[in-house]
Amino acid sequence: MTLHTFLSERLFSLILVLILGISAGSAVAPTPAAAKEKKNILYINSYHNGYSWSDRIQEGIKETIRESPYKIDLQIEYMDSKKYNYAYIKLMLYDIYSYKFDQKHFDAIIVSDNNAFTFIRQFHDDLFPGVPVIFCGINNLEKEQIQRRNLYTGLLENFDFQHNIELALRLHPQKDRVIVIGDQSVTGKAIRSQIQKAASNLSERVEFEYWSNYTLEKIISNVQDLPKDTFIYFIPIYKNISDQFYSAEELLSVINQNTNVPCYSGWEFLLGNGIIGGKLLSGYRHGEIAANMALQVLSGTSPNKISIIEKPQDKLLFDYNALKKFYIQKSQLPADSTVINEPDLFYELNQQVFWTIIISLILLSITLVLLVINIIQRKSVEQKIKDQLSFLQLLMDTIPIPIYFKNKDGTYENCNTSFEKWFSISRSQITGKSDDDLQGKGLVQLYQEVDDSILESAGVRTYEDSILSSNGEIHDVILHKATYKNAKGEIAGFVGVLFDITDRKKAEDNLRKAEEKYRSIFENSPLGIFRITPRGKLLDCNPALARMMGYETPSALMFETDEFPRALFADERQEREVRKMLQRGSGIVQFERQFRRRDGQNLTLNINVRIIRHSLGTIKHFEGFAEDVTQKVNLERQLLQSQKMEAIGTLAGGIAHDFNNILTSIINSIELASMDVDPDSMAGNDLERALKAAQRGSHLVKQILTFSRPSQDGFISTNLAHVLQEDLSLIKASLPRNIEIRENIQARHETTTADPTQIHQIVMNLCTNAFQALREHGGVLEVSLSEVALDQKEAKALHIASGNYLCLAVSDNGPGIDTDILNKIFDPFFTTKGKGEGTGLGLAVVHGIAKNHNGAVRVSSLPWEKTSFEILLPMQEHDDELDQPQTVPSIRGAERILFVEDDEDQIATIPRVLEQLGYQVQAESDVTKALDRFRETPDQFDVVITDFDMPEVNGLELAKEIKTIAPTTPVILVSGRETAIQALGQVDNICKLVRKPYNRLSLSQAIREAMTYLQRPHQ
């Protein structure tokens, strides 16, 4: 930029500023006020709204406080004392103000004219105690009359009556009589009193006459006949004529219309209504002064520090029309007089206007020169702009993205070559045209509601759309639309840019579908899926893994486990092994380990992990699947347990069968021998002990069979408390003194359906284990019985039905059970004891008995605090009459019996036992011979008693043969095996199964049942 250009621009700007400054009269815009302190002022107006004098006072007050440093709330109250007698309304006003301002505080009070001042002096302490008062417009008041000067200040309405009369006498030398027109209002009387005081100084020069109580008709009649030596002095009055109120201005106009004598007054608001003028009081000035006094009070100045103004606040004012009416020249007026309504001469110019015109002409000339210079420079700039636009068009055409411009009216301004190719349309075809003009060209697709909004509010809008190109294909595009502005900063239009994202959108859709597919697999897979860092931080997991580990959501699992899977491994050693395995491994690593759920329970997971490595070979992260195989492992364990139990059961069944044969021979031999000796002899006692020993052996065999194949034979209604007390009496006698036994029976209902012998076995086995745990250090062995209620969740965990159970608990405070073997203690032959101390069958038998009773076993162990075995048995809600074993004598008979048994001892003893009971017995140890004998004489046998387990032909096959020969002959099977029970339903002539070992009582009862069976009808 040249120096000449710079100076031209600066000078031109300066001239414009000067012109605007002169045209505006050097006006300065007010600046916003800062936050002002709020004050409350009450203004009591003696008169009403519309009364010019008080209205001007009010204007002066408002204008003054508007420019004050306070934010003032001005409350205005009109007393209407021109219309209504003050004496009648003052008490009503008192009541109104008492109600209105009971809760209102004012910082200052302004009163205008006498009635308001009188009212405030009378009721000040009641209505506004302590509030400062500023008065104005008060007539005929000496400041010495004001009491409590510390609360009052203001200005008096003193007017220069004497000056105005002397002025009138000078302007009208021939007049020597004055008519003073007023009224009997408080203000009227006060003004008249002031006039009378001043008139005393003029009594020698002029005569005064006062009209104070005349009607308007009387006044009009009198003024029409006034002589030429008279003029009127008008005091502001207010008249009610036929319920119509007439203001002072209206009454003054009526008087002037009906008289030819001049009229004078002392108040500015009457000027222009017929008075000639003089020194006139300004209501506005009174209000202005009173407001300034109030502001001083608000700023903290006491009223007694503000002087009461007595000097008249007047100016010399005259009405041109009145002067002209009475032929008074302006030159006759005092020098500082102001004349209103005076017409301006057309050739007279105000000095400021004159110089404004001269300076403007000079400046306009300079401006013209500068404009010429500016035009030359502008043409140079225009050429540069054209060059720039040409470059921009070239640049825009080289951009492979469609671009177009629209102006504010929505018509196309320009586009680039890519836009022409996209829509197969030339630039000239669209320039200056709107979308409506280009129907069928495809451009209407570019219009959206966003076009209207962007032209109203500047900015950038971006959105996606689908647009049909000229080749008929639909393209996904992103449209960017941005406004551009003209030199004035106004929105001139917008530019639109199309980005074709069709290929990107297709790729995104394919990616999204793939992500949704794999995310669905990830979220819904029953397998746990995870990604973890080499340091164990869980990067991601699915809901299945979270549920496996006992968490509601994957985020909860990731939040609570900083190091996965270290925090979840049941055994730290396993965690270290797995970490080493993964560090050394490659590809996919598979392992199965135990983990700990959030609730503390263990579960077994089968893990398949793939190792993801960086390009340098370091491990980036692991990703894998986890399958919960806890149930599978448990089922395998249960299957193994079942197989063990089946094998043991088979072994136990075989042993029991042989024992039963032996015991049967022993028991029956002892019973036979007992019949031959004196029961009280030593031999009798020996035989009785031998019989009891054989019976105990029989119970032992039953326990072995119970362990191998539980059944509910022998179940009766059993009082568990009685069973416990019986067992404890035996246990207490056998335990050392360093073991304390505690009995705690709390159950109200103590009855269950059980085999008492098996319950004895449970108690004895558990107490024996507790004794072995405590015998070295001593301690407490506690046996308790209580009631528990299992809900669905608890019962399901124990694999039993929900309901009420009796809890038989045996606990001790010994060393406890290691957590590693808690899940093995019920395995058959598992033992932690030394050789000769245990077989490993005790707890397995306890577990089997509990299950056979539809119950369960719970185990908990805290070393040296409490290790407890809880046996849960279904509670019998109502205690039935307990079954009591009864001693029944052997039953005698005379039936004919065929006895078949391969055991030689039983062949030797059983026929003798039966014969002693009166039966006729034929015994055979060979099944074939027995069948031959039966075929020969089937009618000679009433009952057939046969062993089940025999070589070649067993008892079941024998029963079938007998049925074919004699269908009504009953067969009694005897056996030491549980499998013999199945034979009862296969052949209907088998009426009874007698388990070995048996005695003559059980055998005689079976014969009686068989004979009863024989008498029943059969199909």
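Yeah, the Cβs are placed from backbone N, Cα and C, and that goes for glycine too.
As the structure is a computational prediction, the values presented were derived from the model and not from experiment.
According to TrEMBL, the features are:
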{"type": "SIGNAL", "residues": "1-29", "note": "signal peptide"}
{"type": "TRANSMEM", "residues": "353-376", "note": "transmembrane segment"}
{"type": "TRANSMEM", "residues": "388-405", "note": "transmembrane segment"}
{"type": "DOMAIN", "residues": "461-513", "note": "domain 'PAC'"}
{"type": "DOMAIN", "residues": "514-557", "note": "domain 'PAS'"}
{"type": "DOMAIN", "residues": "589-641", "note": "domain 'PAC'"}
{"type": "DOMAIN", "residues": "654-877", "note": "domain 'Histidine kinase'"}
{"type": "DOMAIN", "residues": "896-1011", "note": "domain 'Response regulatory'"}
{"type": "MOD_RES", "residues": "Asp947", "note": "4-aspartylphosphate"}
Collapsed DSSP category at Asp947 (4-aspartylphosphate): strand
DSSP-assigned states of the domain 'PAC' (589-641) in counts, ordered helix, strand, coil: 12 helix, 30 strand, 11 coil
Composition by DSSP (helix, strand, coil) of residues within the domain 'Response regulatory' (896-1011): 57 helix, 26 strand, 33 coil
Helix, strand and coil residues within the domain 'PAC' (461-513) as assigned by DSSP: 12 helix, 30 strand, 11 coil
Helix-strand-coil residue split for the domain 'PAS' (514-557), DSSP-based: 21 helix, 9 strand, 14 coil
Asp947 (4-aspartylphosphate) CB neighbourhood, other CB atoms within 10 A: 25
Local confidence of the prediction over the domain 'PAS' (514-557), expressed as mean pLDDT: 85
